[in-house]
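J.: Checked TrEMBL, it gives:
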- 41-74: repeat 'TPR' (REPEAT)
- 83-116: repeat 'TPR' (REPEAT)
- 125-158: repeat 'TPR' (REPEAT)
- 167-200: repeat 'TPR' (REPEAT)
- 209-242: repeat 'TPR' (REPEAT)
- 251-284: repeat 'TPR' (REPEAT)
- 293-326: repeat 'TPR' (REPEAT)
- 335-368: repeat 'TPR' (REPEAT)
- 458-483: transmembrane segment (TRANSMEM)
- 508-528: transmembrane segment (TRANSMEM)
- 558-579: transmembrane segment (TRANSMEM)
- 586-607: transmembrane segment (TRANSMEM)
- 651-672: transmembrane segment (TRANSMEM)
Amino acid sequence: TYNNMALACESLADFSNALKFHEQALSIKRKTLPSQHQEFGTTYNNIGELQRLMGYFSVALQNFEKALNIRLKKYSTSDGPVAIVYNNMGRLYWELGDYALATSYLQKSLDIKLNTNSSNHPWLACTYNNIGDVHQKMGEYTDALSYYQKALEILENAFSENHPEIAVTYTNMGRAHRSLANYSTALSYYRKAIEIQQETLPSSHPSLAICYNNHGHVYQLMGKYQTALEYYQKALGIQEKSLREGHPSLAATYNNLGDVERQLGNTTKALTYYEQSLDIKKNSLPSYHPTLAIAYNNIGVIYQSLNNYSTALEYYQKTVEIQQTTLPSHHPDLAVFYINLGANYQSMKKYDTALEYFEKALEIQKKSLPVSHPDIAVTHTSIATIYVHQGDYRSALKHEQSAVDIARKTFEPDHPNVLIFQRYCTATNAERLQKTNDPKHVSFDPCIRTTRGAKQALFISAAGAAIVIVFSCIIGVILYAYYADCDPYTARYVMDVLSDKKGLPEIFLAYIFSGSLSTISSGLNSLAAVVIEDVYKGTVVMLLTYLVSYLGSILNAALSLFGVLSGLIMGAFFLGFFVPQANKHGGFYGFLASLFLQIWLFLGAQITKKQMKSERLPLSVANCPIPINITNIITTPIKRNPLIDFYSVSYMWYTPIAVGTVLVVGIIVSYLTHPLKPNEVDPKLLIPISDVFCCCLPKRIRDWLRCGVDKVVDSDKKVDNEIELVAPEGYGTLHTTASAQTLATNAIPLDSSDVVIMRTVDGAYDNPVITIKD
C-alpha cells in the first residue's frame, strides 16, 4: 500500500511525500523480510529513481548499487530486472555528466531488453530515449534523432496518442532539432509535447517546466527575447512550487533567464541569475560536471562585457578545463567556449591568439554541425573581425559573406542575426573601400598582406625609382648635349633624330598613350566602385581641372601656396623670438594683416596672369635649320594695370613678404598697445641676436634686443625666499631657518619627496620637514 501511495504521489510530482511513503515501506520490509529479499531490490531502485528526480545524485547512486547487488544474487546479468537497474544507473550517470559510463550501462540495459523482450516493448523506448539523450549531450544530434525516432515508433504502437511518455519523446526530438537549428520543426514537437502534458499532468508538474524552458530556448534563438523571457518565468514559477530549494533543474532555468536578460542588455540581472545557477550547481554536482562549465562560461561573458578581461579569462579557462576533460574533442559546446576565449583575447588586442581559438572553433563546428548552422555563421563573423583588425579586408569579407549566406538560409529575413551580419558585412566592405580607394593600393593589396612584405616592396620600389631617376638624368644630359647650340622651346629628339628608324616614333607614341590610358583606366575603375563616388569625384575632378587651367604651372601654384602659409607661421615665430616687446595684440594683427596681403597677392597673380608679358631668356639658334618665316607685327595698345608689376612678383618672394609683414605690423601694433617690458620676458622664450652683430650697436639698442642675455639665472643673484626646517615629533627640537642660497651653498641634498636627509651628532639619520616662506 505504501508503495502504491508513493507511486501516486510521484505521478503528481509530490516527490517529498513519495519519498516518505517509500521509506515507510522500506521500514516495514526490514522488519518482515530477510535482508537480501528481492523486494528490497525493488524498493531501493524506486527510492534511487525518486532521489535522482529530486537531484540527490550521490545517495541515489548508493541505492541503485544496493538494488543491483540484491538482484544479481537471484538473476543473471542478462535478466530483465537487472536491465531496469542498469537503465536507471545509466540515466543517473548522464545527470552526473559521465557520458562514457552512462553509455555503458544503457547499452547493457538495451542488450538485455532486446534478448528478453519483443522489439516493440515499451521498456525499449525508455532506453532508446536515454541513449538518445547521451548522444544529444555529446553533440551527436543525428544519432540522437535516430534513437528518439525508434522510441517514438514503439510508444505510438503501445500507447494512446496522448500518453506522457510520448510527450517526453516529442520533447527530446524537439531538443535535437533545436540543436540542429531546425527551429520551426523543434517548435512543432514542443507544441505537441505541451498539449499532451497539459491534458495529462497537473499544472505544477516539473515536466511542464521543462517544456516551457524548451519553448523559451527556441524563441531566444529566433531572436524573440521577450517571448522567451515569458516562457522562462513560467518554468521558474512551476519549479519553485514543485522542486526543493537548490534543485539542479532550478539552476538550468536561472541560467536561461540570465541568457535572455544579457541579450536584452540587462547585465546586472543576468549576472545575478548566473551566480544563482553556479551556486546551485556547485552544491549539487561534481566539480567537473559539464553544466558547471556552462555557468563559468556565462559569468565570463558578463565580465568580458564589463571590460574586466582578466576575470573573464579566469572563468573561461575553468570552462575549457572542465569541457576538455568531459567532452569529446569535436563537441559543439567546446567550440562555443573557444569562441568566447578568442573574443576575450580580441578585446585584449591579442589578435593572433584570438584567431587561433576562432579557427579551432570553426574546425570543430564544421565537423559536428550542419553546414548551415547559425553558430558557424557567428564564428565566421568573429574571424572576419580579426582580419579587419589585421587589415586583411579581402579575407574578412570572404568570412562575413559566408556568415550572411548561412543566416539567410537559417533565419527569417527580419531576424536580428541576419540584419547584424548584413550590416557588419557592409561596414567591412566600406572600411575596405575607404582603405583601398587608391587604385595602386587596390592593385597591390592582394599581393602584400604582411608588414614584412610591405617593407620589401618599399625597398624594391625605391631601388627602381632610383634607377628611373638616374636614366632620366642621363637622358637629360644627352638632350642638353645634342641641343647645346640649338635650344628651341621643345626638344623633339625622337622625331628629329630617330624619325628615320621605322616604327620607333610610333612605338614612342604608343608608350605615351598606353601610360595615359592605363592611368585613366585605373582611376575610372576605382571611381566606379560606388555610384556616389562616380558622381562626387567626377564633379570634383572637373572643377579642379578647370581651376588648374588658370593656375599655370602646378609647381608654381603649389609653391605659391606653400610660401603663403609657411611665411605666416615663420613670421609669427620670428616676432616672438626676436622682438621681446611684442605682445599678443601685435602677434594677432600682424598675422592677420600678412594673411590678407598674401591672399590678395596670390589671387591677383592668378587673375592677371594672362595680362603679364613673359620675357624669356635669349636662345641660341646658331646650329638650328634656317626656316623661311615672314612675320608682320601689328601692335595694339593695351591699358596696363598698375598693380601688374606687384602681382608679377615671383612666388619665391611670398615667404619673405609674409615674414616682413608680420614683423612690421606686429611691432607697430605692439608699441601702440603697451609693449611688454623686455626684462619681464622669460629669456628661455627669446632667441637674442648674436653678440657678433650687437657689438657695434648702441647700448640702448642692445638692451632693447636683449643681446647677450643668459638662459640660466645668475648664481650670485640673491634669492629672498627662506626655507624653514622643522623636525617632526620624536626627532628632537631642531628648528632653524636658512636662506635658499645658504642651503644651496652647503649642498644639502633634496630627495624626490622634498625631505632633507641630515646626520645628527650621534650618527643616526633624521628627517626634518621643509616649509617654504615668502
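Including glycine, each Cβ sits where the backbone N, Cα and C put it.
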J.: How do the residues of the repeat 'TPR' (251-284) split into helix, strand and coil according to DSSP?
T.: 31 helix, 0 strand, 3 coil
J.: Residue list, the repeat 'TPR' (251-284) vs rest of chain: Cβ under 8 Å, 6 or more residues beyond ends.
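T.: Distant Cβ neighbours of the repeat 'TPR' (251-284) are 55, 57, 209, 213, 216-217, 220, 225-226, 228-229, 232-233, 235-236, 239, 291-292, 294-296, 298-299, 301-302, 305-306.
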J.: Let me spell it out: take the repeat 'TPR' (41-74), skip the flanking residues so only those 6+ beyond its ends count, and list any with a Cβ under 8 Å from a Cβ in it.
T.: 3, 6-7, 10, 15, 18-19, 22-23, 25-26, 29, 81-82, 84-86, 88-89, 91-92, 95-96, 206, 243-244, 246-249, 284-285
J.: Which sequence-distant residues neighbour the repeat 'TPR' (335-368)? Criterion: at least 6 residues beyond either end, Cβ under 8 Å.
T.: 139-140, 293, 297, 300-301, 304, 307, 309, 312-313, 316-317, 319-320, 323, 329, 375-376, 378-380, 382-383, 385-386, 389-390
J.: Quickly jot the same-chain residues contacting the repeat 'TPR' (293-326) by Cβ under 8 Å, restricted to those at least six beyond its ends, or write none.
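T.: Distant Cβ neighbours of the repeat 'TPR' (293-326) are 97-99, 251, 255, 258-259, 262, 267, 270-271, 274-275, 277-278, 281, 333-334, 336-338, 340-341, 343-344, 347-348.
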J.: Could you pull out which residues elsewhere in the chain have a CB under 8 Å from any CB of the repeat 'TPR' (83-116), counting only those six or more residues past its ends?
T.: 41, 45, 48-49, 52, 57, 60-61, 64-65, 67-68, 71, 77, 123-124, 126-128, 130-131, 133-134, 137-138, 248, 285-286, 288-291, 326
J.: So what's the mean pLDDT when you look at the repeat 'TPR' (125-158)?
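T.: Taking every residue of the repeat 'TPR' (125-158) together, the mean pLDDT is 89.
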J.: Could you put numbers on the helix, strand and coil content of the repeat 'TPR' (125-158), residue by residue per DSSP?
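T.: Helix/strand/coil tally for the repeat 'TPR' (125-158): 31 helix, 0 strand, 3 coil.
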